[in-house]
Every structure is written in C-alpha cells, then in structure tokens.
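Summarising the annotation, TrEMBL assigns region 'Disordered' to 1-85. The compositional bias 'Acidic residues' feature in TrEMBL is assigned to 46-55. Under the heading compositional bias 'Basic and acidic residues', TrEMBL lists 64-74. Look at TrEMBL and you will find 151-217 tagged as domain 'P-type ATPase N-terminal'. Annotation comment: TrEMBL describes 417-438, 465-486 as transmembrane segment. The Mg(2+) binding site annotation in TrEMBL covers ASP529, THR531, ASP918, ASP922.
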Amino acid sequence: MSKYTYGSNDPDDDPFSPRSAGLAQPDYNRAPPSVASASNPFSNYYEDESDDDNLLYDTTTNSERARGKNEHVTKPNQHGSRFGSMVDKVRGSVGYHNTESDADLPLTQRKPNIPDLEDVELEPVAKTNRTLKSIFSKQEIDPSTLGPRVIHLNNASANAINKYTDNHISTAKYNFATFVPKFLLEQFSKYANLFFLFTSAIQQVPNVSPTNRWTTIGPLAVVLVVSAIRELIEDLKRHQQDRELNQSATEVLVGSSFVKKRWVDIAVGDTVRVISEEAFPADLFLISSSEPEGLCYIETANLDGETNLKIKQALSETADLISPHDLSRVSGKVKSEQPNNSLYTFEATLTMDSANGTQREIPLSPDQLLLRGAQLRNTQWVYGIVIFTGHETKLMRNATATPIKTTAVEKMVNIQIIFLFLILIVLSVISSAGALILNSVKGSELTYLDIGSTNRISQFFQNLLTYWILYSNLVPISLFVTVELCKFIQAQLISADLDMYYDITDTPAVCRTSSLVEELGQIEYIFSDKTGTLTCNQMEFRQVSIAGIAYSEVVPEDNKGHYVDGEEFGVFDFKTLKKNLNEHPSKEIMHHFLTLLATCHTVIPEQVAEKPGEIKYQAASPDEGALVQGACDLGYKFITRRPKSVSVLVDGQEQEYQLLNICEFNSTRKRMSTIFRCPDGRVRLYCKGADTVILERLRQGTPNIERTLQHLEEYATDGLRTLCLAYREIPESEYREWASVFEKAATTINNRADELDKAAELIERDLVLLGATAIEDRLQDGVPETISTLQTAGIKVWVLTGDRQETAINIGMSCKLISEEMILIVINEETKDATRESLARRLAACRSAPDAEPEVFALIIDGKSLGFALEKDLEKDFLDLAVMCKAVVCCRVSPLQKALVVKLVKRHLKAILLAIGDGANDVSMIQAAHVGIGISGMEGLQAARSADIAIGQFRYLRKLLLVHGAWSYQRLSKLILFSFYKNITLYMTQFWYVFQNGFSGQVIYESWTISLYNVLFTLLPPIVIGVFDQFISARLLDRYPQLYQLGQKGLFFN
C-alpha cells in the first residue's frame, strides 16, 4: 500500500511526465527581447513579501488564494484597489459604478490594434437577467460554494442554457435616463448644497424673502452647472472608450472557419483567434499558438503596470490543434473555478473526448490563462476558448473603488460650518425676537404697518425665515469650489517640481489624489517598506557558504581564509571556490549547490544580438537574476529552458536536466522546489528558501549546520539578504508514488493550491543542507539624511520588512533610523504568553526609566511576535510600547501584518499616518494610511498606481513633506479662514444694521452685490492665498525641519 494519502489509478498517467503533473515549462530560448517570467516565485524566499513579490497579497491561506478571496485587502464591494489602472474605473453594472476621476484610470484600456466593424450594424446587447435582490444586494456569493463552471467545447447551445454573462462592458457612471437623478442625488448629499437649496426655496416666497429670488439660487446653479459639465465630459469619455472596446472586432470560430465578430457578441465557450498586438477580448483558455509547443508572449501593463513580457504555454494535448478544421472537431468540456478577482490563480480541468470514447482529465493552470486587458506580443496568433466574459472577467472583478479618505482639515471645516450654521440660527432668532419685542412695545406707533392684525407667533417664524435668508451667506457658497481648485493647482505644483524628478528612470512626482495635499503638512508617523523603498532593489551576488566554508567576491583583509589542522577558517575568494570544484573533498556538495542556483528558478535566457554567445538573464525578481548570474560567473552557465528540461553549460559541456515537477513558491511556504531527472539518471529535489523553513526540513545529522548558521548571522549583520539551499535524492519508487499524489492535487478544482502545498510537504523532507547565499541590496542615495531630517521634524519612522532581524537592525543603523546610543528593545518570542510577558516587562521598564524619552529607545519585533501583539488583548500594550520609541523595526512581516500595524495606530492615535512602499504587497498598507506614497521602482507600478502620490526615490519625501506639505497645509488653512472672515465681515454688518432699521428685515446691500460677492468680487484673493502664499521660504523649511511641527500641532487651523 502506498505510504501517501491518495493516488491515481488512471493507466494513462505517466508520473514522469512534467505535462501530466501540469507543470511543464515553456521553451524560453525563443523569447524575444525584454521577456520575463509571468510570475515571481522567488521574492519571498527572503520573507520580504513587499520585495519582488508579484503574487499579489499572497498572505492569505492557500484556499483563500485559490478562490480569489484576498479578503484582508479588498472585496468587490469594499473600497480598495489592487491596481491603480483599475482603481476608479469600474464597479459592475446597473447603478453600481464608481464616482471616479479619469486621472486614475489607466485601465480604461487603450484602444487595441483591432479593426472596428464599421460596416456592421450594431444590435442591442442582450442583458443578463437580474432579480431585484441581485441588483440591490450588497453581498457577494462566495464563488467556491457554487461548484465548478462547466463550459462545453464547440457546443454553443449547451453553453447558452447556463445563461452566462455577456461580454458587454460598461464603465460609465451615467446613462441618458439616470444622469439627472443620480447627479442631483450626489450633489445634494453634500450638506452645504442642501443648505443653499433650502435657502433658495425660501427665497421664492415673496412675503418672506428680503432679497431678489435669484440671490442664492443663481450662484448655486453656477456651481451645479460647472459640476455637471465636468461630470458629463468625464462620463462621455468613458462612454466613448466603452463603445470602442465593445465594437472592436476579433475572429471567432463558426463551423470550421473564423469570422469577424464584435467583442460584445462573444460568448462563453467560443473559440477565438487573436492576432499579434491585439488585446484579448475576454478571459481565454490558451489552446495553441503559432510558436513551437504552444508558447505565446503577452504584455500585462494594463493589468499590473509591468512592461516586461510574460510567457504562456498551451497544454501539449492541445498545442497541435493549429487549423480551424481540427479545432471544430474538438469535443469535451472545461470545468473551471467560478469568476473571482485573483489575477494570479486559475483552477480548471480540461476533459477531452477521444475517438475510442474514453475521456481524460487534464489540469489547467495560470500558464494557460489569457486575461482580458493583456495584449499578445511577438506571437503571430493564438487560439483560445472563452472562459469568462464581461463583468465576470478577472480584470473587471478587480475593478473596485479607491478608499475614500477624508482629511483632518476637511473634518475641521465641516465642524466650523456646523458652528456657523448655529451662529446663523442664533442671529436669526435674535433678530426675530427683536422684531417681536419692538412690535409689542411700539406697535401702537406703527399702525400704518397693520401689524396688529398678524398673529405674533406666525410673524415670528416668518421673520425667522427672512433673517435665515438674510444671513445665509455666512456659509461661503464658493468655499468648496475654491478649495478644490487650489488643491488641484497645488497637486500640479508638486508634479511639476524638478527637485523631485528622477532623471535616471524619467520619473516625475505624480500627485494622484489632490484632495490630500494638506495632509502632507501634518504627518506624525511614516510606515516604510525596506527593499525597493529604502534600498535600490538592484541585487549583487556577494558571498556564499558551501559545506560550512565561506567564500566572497571581496575578501576582508582581517579575515582571509586560512587552514588550521587541515580545516578551513575565515573567508576565501571565488577563485578558490572554482579551484575547489575539482579537488576539494566537498566538491560534490559544491556541484549540487551551483547546479541548484543554475536550475531552480524561473529566469529566461536571452541571446544578446550584439554579442553572439552572450546571454542576458530576464528575471521577474532581481534576486533570482543575481543568483543565476552568480552561478554563471562561477562556471555553471544556464543556457536553455525548454518545456520539459533546462540546460546548463559546465566546463564547456552541456548538461540537460529533465524537469519533472515544480513545487512553486508562495508566501506561506516561503520556498521553491524543483524535481529533476539529472544527467546521471537519478531523481533529485532542489529546494531554496528562507532559512527558517529550510532548516526545519533537514535530515537528522546533517553536517555543517552550525557553521552555516554562523555565516548567516555574519551576512545578516552586514545587511545582506540571505537564502538557504538544500537538496535530496529521491528513490525511484517513492517518486512514482508521490507523482500520482501530486497529479491528483493538480487536477483539483477547488482548493488546488492547498492540495499542491500538502503534496509538496510530503516530498520536501529529509533534505541535505548545501549552504547559503548572500546578496547585497544597497541603500538609495540620500536615505540616511532624509530619515534623520524627518526625525528632527518630529516624524516617527517605522520600517516594516520581511528580512531577518539582524539584517533589519543593520539596515536601520545604516540609514540612521537607529543610532548606537539607542537602547534596543528586542521582542522575538515563540508563544503568545511569552510575548505578553515580554511586552509587559519592557513596557514597565520603559515607564520606570528615569530618562524615559522616546529618543532613547528603538523597538525591534519579529513577525511571529507581532502576530501575537496585534491580537486584541495585547495590541494596547504593544502600541503603548511602540509610541515610547523613536524608531520601530518590524521584521519578518507579511503584507497583512503591515496593513494591520497601520490600522492599529490609526485606530488608537489621533495622528496623521503616511505609508510608503514600492511593491504590489505594499498596496494594502498604502491604502490603510491617511496618505499613501508609492515608489515607481523595479517592482512594477502597482504601488505607485494605488498610492495617492508617486515619487521616484525615497529622498524626495523630504521636500514633499517639509516644503510642499507645510505650504499646502498653511495655504489651505489661511484660505478657509479668509473665506470665513470675508463672509462674516459682510453679514455681521447686516446684523448690526437690523438694529437701525427697526428689525424690518431690510437689506443693506443691493441683491446682485450679495449674489456676486462670493463668486466674483472676492473670488481671486482666496485663490491667490491658496496657491502662492509662502509663510516661510523653501530654503528655511528645509534647513530648520523643526518648523514642520507647527503643522503637526495644528497651529494654523484649529
């Protein structure tokens, strides 16, 4: 009986076939220039999820990830976005569209190079049947509870029974019928507009209004018309873009030939042919392509901002279907997961009918999924079957709105408007009461006014409404328009600042959310990612430890390698390593170490046209590229990747390794394994990953563990990124049993990732330690000076990283976050009780210290302890301890933990928070903070597009906050106060005047003067203040960062 849990009895299964395991890799030698892997399975070997992790938000459980339920970041009905290109673009259909601005809409897909069907008369689009409950319900059904979606091949009638969503896309906010009601509803949901509408209505009553009936409704109409024109222009653009996409043409298989159809007419189950440079009209399952073995190259810039090409590959069972006639004869069905928002997972099974009546299930993976929004590149054509259409495509399912962030100044303005509203009521009551008293006392002298015949209570309330109208403009009607205009101009000034332009990558600063500019002047806490944010994210292969011996590119003079009683001590250079490959007792370990580096990865070798024989490695992760290049420099040159093998050039001899299986990386496993049949015929597993997960899977009695751990500590102390390598020889019989288990897991529809991880656990055991690597990622220019200046300005900086504790501390000292004079409070516990006790003890010690100043302490906490500290019963102690420290460094953290830390501080402290990062997994943290800053770096544009402001380098944060932030906050504060002042000045004279006119409600100013006072006569002064005022010059603000604390304390507006 098999020692594994389950197996396969299918006689057609070949456990040695990479294809049967569903994990064959494409022939990357045909890759065109600038081609990179579709996924990044390596970045989090360092447990730094924010660094180089293209598996977005991969901190969910595998079952959640398989269902596309990254719940800790966003749900379809929550405010949140993963991609700035989709952020404000779409929210489904029938009244659920966003109120977005085109400034954030890169993913209204640019029109693809597809011919329009200009001669085809448009037909009405069939709408999906909806019940009232489905239209108005805000709850999403969990796709995993619906069972698999069944799609029949070449059987349109069978697919039509399921009534799948059509391929019509609508990103528009309004239509002809809904514009007026939806626009008015949105505008009058603002209290100020509602107030002025009420005032305008009262003014229409002749016996009540003391002014012209147009005095208030005229300016209000101007404001509404301007807003309506802006909304119409933006929405017409969306309608035009939708029309262009829906009417774009593609080729669909009808019978045994392809005919042109509009995108909107494509249905689930259709077979589509897409030509080079065209966009995919829906989510497709790749059948075959013009390239050998079903390869194709796609660009996903519209999806995730990455411009490097990615490779997809058809199944070997379908790659030969290259003629329309063959495609029309295919019979079978696809069972796929239900529509979800997970861009990087796809679980499905293809069942093909054979000529003899038998069926075979073949697992499908993300390698066969072509997403709407991506474009075909460097491939003549591909054939694909439509899986998801319209608003069920993964692109559209990711179209959620950016969180609405309200600034502290806006909240204060609302409070002051309420205060002015109360003053208005008080003034109206005083004036009405004065009229009532005057009439009571001197009514006999005013008989010509016929006051006596009027009911006094009725007259009181009539006067109340009269004075309401008279004093109504205490609330400045133009304030909100003026503030928005000035914020927009301030955002443009930030974007146009050449001091924040990064010429190396041609990246200017981009202010995407102008409504938050004043928050930049009140920041108290900064939460920063490390790799790619504080560092350059340009990896260099520096040191290795193999079989307990340390080798380095540059050997320090005081620690050169030497021998004592035949045993190696110190550090040897790489030349010695090359020499030892042939004659050292541990040469076999060295061979496996370098072979692992050269084979266990997803890098693509690309021939350099200008230099024949030279290979350039295209890697989705800078780490992987550095490791493969390091192996190449040491004599193990990776030269070829084929679907079922990889080849390495060693001593001029090409060695081919047959690829059997891949146990892919994810942030839960924190490792990657590949299983090869090596040139000597043996089956070997090569595994690399974080030291914590590799060391616990080693065989008992594995040698060199202590010395390797010592080297890891030394590397981390030097601020290098470390990685452990191990291998295992697998007996033939054991591999056959395990392969059937793995294939069974690979054909699972629901929770496939979970099952694959369980299968991987069975084989990733009893490993033999090979050694460790160390990669250098140097700090960006100006980072130490910037952090030091920000701390002087009263801003506390917290670094959230996935690196080892020693690495994080070293980087903290290098960037001046931590000084040698600080007392380091290190919390690194294994249990919740130990964490509780450690927090309580350290907190008591800090409080009792005689010089317990924040300047003294720095808190270092690892991910495991942080997980306990973020629980409800411990979070208050953790926060109390953290705020007592000048600097906080969180090590080994996940993306979810980053966001939870930000939310914890936001929930308990009345402070303005800023989060800054460069990777996709920083998006949740960026959106959780009051202000999100994205670095346009090496990890694509997900963070930059999802952020409120994008900059090219961390050092630009200095001017952004100290200068632009301080100016914006002071300008807007002065603008708002001036607006209140000018209106109060005008209407208080009216209040004093009523005492002189016998409380008769007469107006001291002519009606048109009142109407034009805000919208014309006093329009420019607030704008000039809001755009050009400088209370202190930029030079002095930068020289004396302590001035920034004026904004933190709210001294300009309180």
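Note that Cβ sites are derived from N, Cα and C of the backbone, with glycine treated the same way.
Long-range contacts of the transmembrane segment (417-438) within its own chain (CB-CB distance under 8 A, at least 6 residues past either end) are made by residues 191-192, 195, 456, 459-461, 463-464, 466-468, 470-472, 474-475, 980, 984, 991, 994-995, 998-1001. Within 10 Å of the C-beta of ASP529 (Mg(2+) binding site) there are 33 other C-beta atoms, taking all protein chains into account. Shown for the domain 'P-type ATPase N-terminal' (151-217): DSSP residue counts in helix, strand and coil, namely 29 helix, 2 strand, 36 coil. On the 0 to 100 pLDDT scale, the model's mean across the domain 'P-type ATPase N-terminal' (151-217) is 86. For the recorded site, ASP922 (Mg(2+) binding site), the DSSP three-state label reads helix. Following the DSSP three-state reduction, the secondary structure of ASP529 (Mg(2+) binding site) is coil. Residue environment of ASP922 (Mg(2+) binding site) contains 34 other Cβ atoms, counted within 10 Å of its Cβ in all protein chains.
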